[in-house]
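See below for the structure under consideration.
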Amino acid sequence: MNILFVCTGNTCRSPMAEAILRDRYPQAAVQSAGVFAVDGVPASGNTYKALEECNITLDHRSQPATEELLQWAELVLTMTSQHKQLLMMEYPDYEAKIYTLKEYTDEESHEYDISDPYGGDLHVYRSIRAELEEQIDRLIEKIESAKGK
């Protein structure tokens, strides 16, 4: 399955989600992008540190969300409702496969946004990492249960 994670600048949340999913579910093809990203920016230092604490490696350079990436992806998971809306306005043909991560994994929640840790200290990044780990474990369960049907 081809999965694309999307956040704002593709330097914090979406690369963290990409790295966690790649580590926990290597059979998925996964990429990340940003709705306002520029090409080639490394992930933030605290993104690397928060992942290294869990022995997850990240080799990342930012990229903008493009039509080619949306074509490639079978599932597009955004970090906020605003990211979802921006993608659906820009690429309406792909609306059916765009969800917020929490919307896709947690049907009981009505809070679909994952906060942006940009500029925060390492504690903030650890908190976001823990939230992403929980959501990605749910994502893997959902993918696996769909395979069994």
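Cβ atoms here come from the backbone N, Cα and C positions, even for glycine.
Feature annotations, reproduced from TrEMBL:
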type     : residues : note
ACT_SITE : Cys7     : active site, nucleophile
ACT_SITE : Arg13    : active site, nucleophile
ACT_SITE : Asp116   : active site, proton donor
COILED   : 122-149  : coiled coil
DOMAIN   : 1-142    : domain 'Phosphotyrosine protein phosphatase I'
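Projection of TrEMBL feature records onto the structure.
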residue: Cys7; record: active site, nucleophile; DSSP (3 states): strand
residue: Arg13; record: active site, nucleophile; DSSP (3 states): helix
residue: Asp116; record: active site, proton donor; DSSP (3 states): coil
C-beta crowding around Cys7 (active site, nucleophile), within 10 angstroms: 29
Other parts of the chain folded back onto the coiled coil (122-149), taken as Cβ under 8 Å at six or more residues beyond its ends: 1, 12-13, 16-17, 20-21, 24-25, 28, 44, 46-47, 49-51, 53-54, 77, 101-102, 104-106, 114-115
Rounded Cα-Cα span from Arg13 (active site, nucleophile) to Cys7 (active site, nucleophile), Å: 6
Predicted model, mean pLDDT over the coiled coil (122-149): 95
Count of other CB atoms lying within 10 Å of the CB belonging to Arg13 (active site, nucleophile): 32
Neighbouring C-beta atoms (10 Å sphere around the C-beta of Asp116 (active site, proton donor)): 16
